[in-house]
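Inspection log for the structure reproduced underneath, given as C-alpha cells.
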C-alpha cells in the first residue's frame, strides 16, 4: 500500500511522540497495579484472633480479583466503545478517559497514606481498578481507531508505547524499592 504524498509532514516526530505516549498510557495502569501486587498483598495481610488461641487469616485473593476486574471492563467497554463511537467524539473519549484515569490514580496514591480497614481498602482498590480499566478500554479503543486512520508507522509507534509500559512500571517499582 502506498502512502499518500499529499499528507501533512510530521515535523519533529511530534505526532509519533504523542502516539507513543498514548500507547504507554493505555497499558501503564494495568502494569502499575501488577508490579505493586506485593504492596497490596502486604496491606491486605490480616490476622484475626478468635478464642485467644486460634489464628484465622483472611485471604483476599488480590491478584485473582485484580485480573478479573481489569479484563472484564476491558471486554465490556471495548464492545460498548465500538457501538457508541459515532455518538461521542474521539477528542471527548480520549481526553475524558485520560482525565478520569488521572483522577483515579490520584485517589489510589492518596489511599496509600490513609489508614483504612482491610475490607474497605480492598473494596476501594477493586472499584478503582474496575473504573481505571473501563476508561482505559475506551482510551485504547479510541486511540486504535484514530491511529488506524494514519500511516502504519504510527500504529507501530503506538504499540511500541504499549510494549514499554511494562518495562516502565517495573523500573518505577525498582526505583521505589531502592529509595526506601
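The backbone N, Cα and C atoms fix where each Cβ goes, and this holds for glycine too.
According to TrEMBL:
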- 12-40: transmembrane segment (TRANSMEM)
- 60-80: transmembrane segment (TRANSMEM)
- 92-112: transmembrane segment (TRANSMEM)
- 124-150: transmembrane segment (TRANSMEM)
- 157-178: transmembrane segment (TRANSMEM)
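124-150 is the stretch from 12-40, 60-80, 124-150, 157-178 with the greatest number of Cβ pairs below 8 Å to the transmembrane segment (92-112). When each of the listed stretches 12-40, 60-80, 124-150 is scored by C-beta pairs under 8 angstroms to the transmembrane segment (157-178), 12-40 comes out highest.
Sequence-distant neighbours of the transmembrane segment (60-80) (same chain, 6+ residues past either end, Cβ-Cβ under 8 Å): 30, 33-34, 37, 40-41, 44, 118, 122, 126, 129-131, 133-138, 140-141.
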